[in-house]
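Engineer: This structure is in structure tokens; I'll ask about it shortly.
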Amino acid sequence: MSAAAALSQDILSQALEAAKGAALEAGALLKEFYELRYNHDEAIATGTATEESRKSFEAAALGAAAKTADTDLVTEYDKRCDALITDRLVAFQKKLGEGAPAFSFITEELAPEGPLTDAPTWIVDPIDGTMSFVHKSFDCCISIGLAVGKVPVLGVIYCPFLGRDGELYTAVRGGGAFMNGKQIHVTLCRKPVKAVVFFNMPWRMAPRAINSSVGIRTELASDRVRAIRSYGAAVLQLAQVACGRGDLYMEPGGKMWDVCAGAIVVEEAGGVVRNLDGSPFTLETHNIIASSSNELADYGAALCTKYKLLQEYFAPDE
């Protein structure tokens, strides 16, 4: 029995609608902050407010603080979005009634330590790309994944600042991938020289992690890939591969909530997902290669192995 088959099609359909609704509501919260920030900027420009008042507003509204490093931030909006999404998904569970499967939660802010079991598990990143959000950039997203048997079976990604009304990516295992209701597919790219590659510099600013990442970027340039791009949210880059705006993405330092929704969206768009060493993808490894073809996945895995990306990424600071 497949992972998706462990839940009925009716329950999966209801779960998808619940996740879509939760993601859109959370996205509205992010838009709320950007609107408030723009209003403060306009007030400063017209002389009706001061820079100090804006700083006070941001401190109160964001409450930004570092978690594990200065590049790993959490804001009050992360917590509000996490609580909102959890509330909506709990309501979905209650609506199913007695006898329905029990859903577990792993969420970045409220339940990050929950163990991944075979039970249906919501895996949520309320704001993927918090650094981008704090800096009022477009590349932050809401990510809601559902895993059954430790395998992603449903994914919803909402990018509220892309396009006129945002971009909503959805996928259910066996049902294809969609962006704003229209089916999407990966490209046919198989050669590095024609590939748009997503690869970020490490958020862990340790010398060995930096050197490994620089080595990979240098070789990508030497191989004359078509472009090397970097966004502030892992799930956004996975979505870009899924919809054909990129061809290869390599991520060594993600968590389950960074990759669960994106992995299923890429797969259902016809793409390939693997662990960074080229082995079959598993959520527990917390890293991912996503590509439009097996050839590019092999290429990415070979690069990561050559420069010992996984080992160097988490090496102790010197």
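Cβ atoms here come from the backbone N, Cα and C positions, even for glycine.
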Engineer: From D10, D247, D258, grab the residue that TrEMBL records in the same Mg(2+) site as E108, D125, I127, D128.
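Structural biologist: When TrEMBL describes the Mg(2+) site, the candidate it includes is D258.
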Engineer: Could you name the residues, excluding E108, D125, I127, D128, D258, of the same chain that surround the Mg(2+) site, i.e. Cβ within 8 Å of the Cβ centre of those residues, in sequence order?
Structural biologist: V124, P126, G129, T130, C141, S143, A233, A234, V235, K255, W257
